[in-house]
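Per Swiss-Prot, disulfide bond is recorded for 55-83, 87-129, 114-140, 147-189, 208-251, 237-262, 359-381, 389-431, 417-442, 449-492, 478-503, 541-568 (among others). According to Swiss-Prot, the feature domain 'Sushi 2' maps to 85-142, an assignment based on sequence analysis. Residues annotated as domain 'Sushi 5' in Swiss-Prot: 267-324. What Swiss-Prot records for 329-383 is domain 'Sushi 6'. Taken from Swiss-Prot, the feature domain 'Sushi 8' covers 447-505, and the record attributes it to sequence analysis. Under the heading domain 'Sushi 9', Swiss-Prot lists 507-569. Among the features that Swiss-Prot reports, N-linked glycosylation site is placed at 126, 400, with the record citing sequence analysis. Summarising the annotation, Swiss-Prot assigns signal peptide to 1-18 and lists sequence analysis as the type of evidence.
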């Protein structure tokens, strides 16, 4: 009985003493082990045992390697096996973020700045990458806002009259007692209030002299010596310059409204996009801003669209389409109140056919062309009233945009921020449906970055500059066989670059080590002497050697320049 008790006690002590030398079988949420089916998931693992694991789609290990090595130690698994959610960050419509286009990991927090009149869900300012994805969708949605009831000078009338005005509402002005309006004829309600300023009414107004000279630009029409109140002139910039601010100025009671500026455009366009079933005359980039190139379609193909594309601010305008002539669609005439001057044979028209027509209650004639099944312009007798937007608003912290000129639907105005302020994405406002849409914000920018950090065995894809404005990004690449770990781009934030990537060393298959361990490449025709980090190389024993019981796996994973070679005896 005493002997039996001693045996049980010794056995119990041995078990207790061995608890610290065993690891629980690794259970990895959103991950799996290499050759997982070969292991017993209910067994414990002895110290020194090595496993490799990978993560499911949209998840990654902290090292960001495809296969990550973990080792059972007396303290447990090292490193701790886990898979982190990857959250891709889109380009934010109606807002911006320095993280646009980047990948973030679970636990990261990102700041989003929405345009005026827009906000994140629940008015959040930051969103976090969590296991399910983004904590809040990275979408800037329209938010309701209000403007005060305007207090106007005597003899100024505003319509429509309401008890409250919402963001987007437009007020139109007129003068009583046959007085003359001085200032804008309409204003719009924005998140920051009414803009532009309200007008006044006067009995007499002064004329203006010739419009002022514009540096690197000129007036489009012939200049006069005198311009009447409310007369408008329009400017164009010289080649390689783009206009910022309202391109039209107006004579207002003897003074011209604010001039635009012409800014030299240094962004160039690269190779011309390939046109399916078409061609361009070959030439070598870069192409300067404003340069146009003619494109052509092959024989038996018809062009749909403009035959010229232009480099605008580093981007080519839209390519036309080349459609096979036998695939071109016909156009039809619809509408009982349309009278055409043609005998409508079957009421169908071939591509490029032109018609002249008039409507029942309108005497003047209209013209249209059939373009691949669609009339251009549309054959229509509905009277559409031309819509105008109020003068463009004075955006907070933007350069002076004071003007009293209305803009037609589709017209754009480029915005330029004051010094120390940055316009991260949208640089133009667009007049649409009689209102200015999606106003950008000028964000304070107190610090610039120097050249991007250098990395071992890698370089940037572009020539480094001496200074970079906040929000700038630079892309890296590694030398051949080196694997890039981390984000391929770095971003300038608060005078500092985000963490650059690393170029992980490749592995070189060593003949000396293979001979020493009595092994050879499993696939003799593989000829694989180099392997990137995360790549696998398979070995086998040389005849007549056999695998050692404690040998590492014969499918070796390259880990930052090192293989763990299997052993045969």
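Glycine too: its Cβ is placed from the backbone N, Cα and C atoms.
Confidence in the domain 'Sushi 8' (447-505), given as mean pLDDT, stands at 80. Nearest in space to residue 568 (disulfide bond), taking C-alpha to C-alpha distance over the disulfide-bonded residues 83, 140, 251, 417, is 83.
Annotation for residue 147 (disulfide bond): same-chain Cβ neighbours under 8 Å, separated by at least 6 residues, are 165, 166, 167, 169, 189, 190, 193, 194. Residue pair residue 87 (disulfide bond) / residue 126 (N-linked glycosylation site) shows a Cα separation of 14 Å. Among the disulfide-bonded residues listed here, namely 208, 262, 449, 478, 541, 449 has its C-alpha nearest to that of residue 114 (disulfide bond). Among the disulfide-bonded residues 208, 237, 262, 431, 478, the residue whose Cα lies closest in space to that of residue 417 (disulfide bond) is 262. Rounded to a whole number, the C-alpha distance linking residue 541 (disulfide bond) with residue 55 (disulfide bond) is 31 angstrom. Counting Cβ atoms from all protein chains shown, residue 129 (disulfide bond) has 22 others lying within 10 Å of its own Cβ. Around the Cβ of residue 503 (disulfide bond), the number of neighbouring Cβ atoms within 10 Å comes to 22. Of all the recorded positions listed here (251, 262, 400, 431, 503), 503 has the Cα closest to the Cα of residue 83 (disulfide bond). Across the range of the domain 'Sushi 8' (447-505), the DSSP-based residue counts are 0 helix, 24 strand, 35 coil.
Taking the Cα atom of each, residue 431 (disulfide bond) and residue 400 (N-linked glycosylation site) are about 19 angstrom apart.
For residue 568 (disulfide bond), the number of other Cβ atoms no farther than 10 Å from its own Cβ, over all displayed protein chains, is 21. Ranked by CA distance from residue 503 (disulfide bond), the recorded positions 55, 208, 400 have 55 at the top as the closest.
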